[in-house]
Amino acid sequence: MATDDASFPWDQDSILSRDLLSALSSQLCYENLNRSCIRSPYSPGPRLILHAVFGFSAVLAVCGNLLVMTSILHFRQLHSPANFLVASLACADLLVGLTVMPFSMVRSVEGCWYFGDIYCKFHSSFDVSFCYSSIFHLCFISVDRYIAVSDPLIYLTRFTASVSGKCITFSWFLSIIYSFSLLYTGASEAGLEDLVSALTCVGGCQLAVNQSWVFINFLLFLVPTLVMMTVYSKVFLIAKQQAQNIEKIGKQTARASESYKDRVAKRERKAAKTLGITVAAFLLSWLPYFIDSIIDAFLGFITPTYVYEILVWIAYYNSAMNPLIYAFFYPWFRKAIKLIVTGKILRENSSATNLFPE
């Protein structure tokens, strides 16, 4: 029997409207809030892959840098001013893996921020703090390597534990004060009030930085970078000269003091090479992001979201790279990892273990 549409308590328009509202609500971060951000979710397959890739990087950053810190702090043979700088750098990378990457993973993959406005600012502040802390640490490490390679016999009297402590304090204090004051005073958003108002919604966590502060941020990255590049160019020139001198001396009978100096210089050159690779990896990871931030600020935020996310995660992955570099180039680190993983560091006097091959 045919039925008339008017006999139903709803019509087709109301059905379509309700279906449309249902579809829209499923694309909102918070379905029952009018000011909710709109989600742009991935399909299940890519979402699973992205969670796995980003999650693995966070776990690697935490576990790898924890191994670096444990190795340096536990084994007395590694207690040196230079290694304390490396341990502090590992701490910055560890904190990126703990306080930044997991939350950024959810925001990047799910398209929403579910952790509240308060932690949004903390998260952004941590992100900026640990980035600049790493830059300052690497800058001081490059200066340390220059002194060690240029004059290894006097190095220990110049770069003491006290000097290392001051470098570590400066790196952390300046980066934390700068990032938190910049974001919590609202200075970074001055002149962008209309943009911030348009972007503000429940479930969003976007950092808006005006042109002036983007330029200052870039300078804070560029100046230490130029210092590192200048210092390491000198380090490799000195290393090349020392290698040539050792080759000449090897053809003659060397005094015991000369032989000792050569051994020390060789060890310092290897350390400088490894840390030079660490610096290069950092620059390759972060430079694209900083260049894009300059382009965005002065050309009207033209970077597509997916490109921005790629650049951010390339930078984040740097926090997981340093332990891999150490493991590849440092036999002592591989030996320390083995002792830690097997639980042998719990044995009595394990801190006195010899990690360096004869």
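Including glycine, each Cβ sits where the backbone N, Cα and C put it.
Quick look at what Swiss-Prot annotates:
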type: TOPO_DOM; residues: 1-47; note: topological domain 'Extracellular'
type: CARBOHYD; residues: ASN34; note: N-linked glycosylation site
type: DISULFID; residues: CYS37-CYS201; note: disulfide bond
type: TRANSMEM; residues: 48-68; note: transmembrane segment
type: TOPO_DOM; residues: 69-83; note: topological domain 'Cytoplasmic'
type: TRANSMEM; residues: 84-104; note: transmembrane segment
type: TOPO_DOM; residues: 105-121; note: topological domain 'Extracellular'
type: DISULFID; residues: CYS120-CYS205; note: disulfide bond
type: TRANSMEM; residues: 122-143; note: transmembrane segment
type: TOPO_DOM; residues: 144-166; note: topological domain 'Cytoplasmic'
type: TRANSMEM; residues: 167-187; note: transmembrane segment
type: TOPO_DOM; residues: 188-212; note: topological domain 'Extracellular'
type: CARBOHYD; residues: ASN210; note: N-linked glycosylation site
type: TRANSMEM; residues: 213-233; note: transmembrane segment
type: TOPO_DOM; residues: 234-274; note: topological domain 'Cytoplasmic'
type: TRANSMEM; residues: 275-295; note: transmembrane segment
type: TOPO_DOM; residues: 296-309; note: topological domain 'Extracellular'
type: TRANSMEM; residues: 310-333; note: transmembrane segment
type: TOPO_DOM; residues: 334-358; note: topological domain 'Cytoplasmic'
All-chain count of other Cβ atoms within 10 Å of CYS37 (disulfide bond): 21
Within-chain partners of the topological domain 'Extracellular' (296-309) [C-beta distance under 8 Å, separation at least 6 from its ends]: 40, 108, 195, 209-211, 214-215
Segment proximity, the transmembrane segment (213-233) to the transmembrane segment (48-68), 3 or more C-beta pairs under 8 Å: no
Two-stretch contact, the transmembrane segment (310-333) and the transmembrane segment (84-104), at least three Cβ pairs under 8 Å: yes
Contact set, same chain, for the topological domain 'Extracellular' (105-121): CB under 8 Å, 6 or more residues outside the stretch: 29, 37, 39-42, 47, 50-51, 54-55, 58, 183-184, 203-205, 309, 312-313
Surrounding CB atoms that lie within 10 Å of the CB of ASN210 (N-linked glycosylation site), all protein chains: 15
Inter-residue C-alpha distance, CYS201 (disulfide bond) and CYS120 (disulfide bond) (nearest angstrom): 13
Count of other CB atoms lying within 10 Å of the CB belonging to ASN34 (N-linked glycosylation site): 8
